[in-house]
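> Here it is: the structure, laid out below.
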Amino acid sequence: MRTPIIAGNWKMFKTVPEAKAFIEEIKGKAEVAGVESVICAPFTNLPALMEAVKGTSIKIGAQNLHFEDDGAYTGEISGVMLKDLGVHYVIIGHSERRAYFAESDEIVNKKVFAAFKHGITPIVCVGEKLEEREADQTKAVCKVQTEGALKGLTAEQAAQVVIAYEPIWAIGTGKSSTAQDANEVISYIRELVKGLYGENVANAVRIQYGGSVKPENVVEYMGQSDIDGALVGGASLQPTSYVQLVEGAK
Ligand SMILES: O=C[C@H](O)COP(=O)(O)O
């Protein structure tokens, strides 16, 4: 059985005091047996969040990392630095990073390797643009991005990756994919993993849906055969709403 995983992606929101107050609010509530609860926060919040979640089952993730361990890369953060903080997860290849920071599938793949090198679990984002969906290219885009991200990983590593299917047209727009459509694409991604690594890995890998997930629709997504959780932006910013998302995933 795959453990459902709700991951909040705070994007570029929250100061340190706000982040600490959020954890105080959700402690004991966003901790539901059988559901993994993860907050992916801006780098500046990570040390305080690691301290704040001590003694809880809440896990902390970053939203990016550089693929090199160190070097002259002004403004970047490496896997060595994240490991030093003890973060559990890192989001890689979010569509906002692909669009605004020119992250290619090759870079995403290098970052996945960097995460594993430092014992951090990658949450790899894939998903199509609106025009690609309209041109019936959804599966083709997901195939290139998924195979590109996983390229060269061992079966053991591939089984640990969390994949987040996020159709770009559904991110922050309030226009979510139907649960059935999302499940169809996610089943396809699982088939791709099966083709690469076999049935055991395909059955183990967790695949989330992301794109306008809210407390009101999370249960429907979680009721689908292949959806193992959600990567949530806007609705993860309020403690009450985040708690409801985690409760909805059980
Ligand atoms: O990483 C999260 C996604 O970009 C979804 O964002 P959203 O829930 O605000 O649509």
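Note: Cβ is positioned from N, Cα and C throughout, glycine not excepted.
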> According to TrEMBL, Asn9, Trp10, Lys11, Ser212, Gly233, Gly234 bind substrate; identify which of Gly28, Gly34, Gly55, Gly172 is listed for that same site.
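The one candidate that TrEMBL places in that substrate site: Gly172.
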> Determine the minimum-neighbour residue: among Gly172, Gly233, Gly234, listed as binding-site residues, which Cβ has the fewest other Cβ atoms within 10 angstroms?
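Taking Gly172, Gly233, Gly234 as the binding-site residues, the minimal 10 Å Cβ count falls on Gly172.
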> Can you tell me the CA-to-CA distance separating Ser212 (substrate binding site) and His94 (active site, electrophile), as a whole number of Å?
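Counting only the Cα atoms, the answer is 15 Å.
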> Look up Glu166 (active site, proton acceptor) in the DSSP assignment and report helix, strand or coil.
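For Glu166 (active site, proton acceptor) - judged by DSSP and reduced to three states - the answer is coil.
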> Could you give the Cα-Cα distance between Gly233 (substrate binding site) and Glu166 (active site, proton acceptor), in whole Å?
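If we compare the Cα positions of Gly233 (substrate binding site) and Glu166 (active site, proton acceptor), the gap is 11 Å.
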